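Data block below; observations after.
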Amino acid sequence: MSVEAVILDIEGTVCPISFVKETLFPYFVAKIPELVHSNDPDVKSVLAQFPQQYQGDLGSHMQSLVANDVKDPVLKQLQGQVWAEGYTSGQIKSPLYPDVIEFMQRSSSKLYIYSSGSVQAQKLLFAYVEDPSNPTGPSLNLQPLIKGYFDINTSGKKVKSHSYERIVQDIKTAPQQVLFISDNILELKAAQEAGLQTLLAIRPGNATIPDMHGFRTVESFASLQRRNCN
C-alpha cells in the first residue's frame, strides 16, 4: 500500500528520548521559581489554569508533574513558552537523528507531527535543529517541510483510536494511506484500530520492547525509501 502522508512521533522516534528528559525537562524545572513569581500576564494566565487545590504551591505541583512525566495540557503549554526562550537564545538545539533529517528533506509524502508536547513546543523543536555536519553552527529550520502539527489538546490522547480518526479527517487522507511511526506500542495499536499503517521505531535508549509485539519495525529512516514512504 502506498503512503501519501507520514505522521511522526517525536521523542524516541525522530530524536533521542534522552533529549526530553535530560535537556528540556531540566531546563524547564530550573525556570519554575521564576515562573511562580512572574508578573508576565501570559504566564499568569496559564498558571491560573491549574486546579485550585494546587494554586498555593504551584512550584511543587509542576515539579511533581514533570518528575512523573504527566501529560498535563496546562503544563505542556507552559513548557512551550519556557522552551521558546531556550531555543531562540541558542541555549537549546534539537538533536534529530541524521537519518530523520535526510528523510524529511527528501520525502515526497506529506509530513505531520503528533506529540503529547504542545504544538508550540513541536514547532520550536523543528525550527532549531542541530546541524549534524556543523553542530556549533546555525540551526536548521525544518518547519517548512511539515504540513501540520497535532497534540493532545487539538486531537486527543495518543493511545485512543478516535484521536487518529480525527487527524486523518483533518488532513483529508484515507487512513490506509497514512503511516504513523512511534516508539510506543499502545499508540501504534490505537493508530491501527483507526486503519492507519504503522511502524515501531527502534532507537538506542528506548524502552525494551516485548518480543511478540506484532509490529513492523524501523531502525533507520533511510530504509523508508524502500517502503514507498518517501
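Note: Cβ is positioned from N, Cα and C throughout, glycine not excepted.
Heads up, TrEMBL stuff is auto-annotated, nobody curated it.
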One of ASP183, ASP211 listed by TrEMBL as binding Mg(2+) at the site of ASP9, GLU11:
ASP183
If I go by TrEMBL, which of LYS93, LYS123, LYS147, LYS158 binds substrate at the same site as SER115, SER116?
LYS158
Which one is it, among the binding-site residues ASP9, GLU11, ASP183, that lies nearest to SER115 (substrate binding site) by Cα separation?
ASP9
Rounded to the nearest Å - Cα separation of ASP9 (Mg(2+) binding site) and SER116 (substrate binding site):
9
LYS158 (substrate binding site) - helix vs strand vs coil (DSSP):
coil
Alpha-carbon spacing, SER116 (substrate binding site) to GLU11 (Mg(2+) binding site), which is rounded to whole Å:
10
Pairwise Cα distance for ASP183 (Mg(2+) binding site)/LYS158 (substrate binding site) [Å, integer]:
12
Express the distance between the Cα positions of LYS158 (substrate binding site) and GLU11 (Mg(2+) binding site) as a whole number of Å.
13
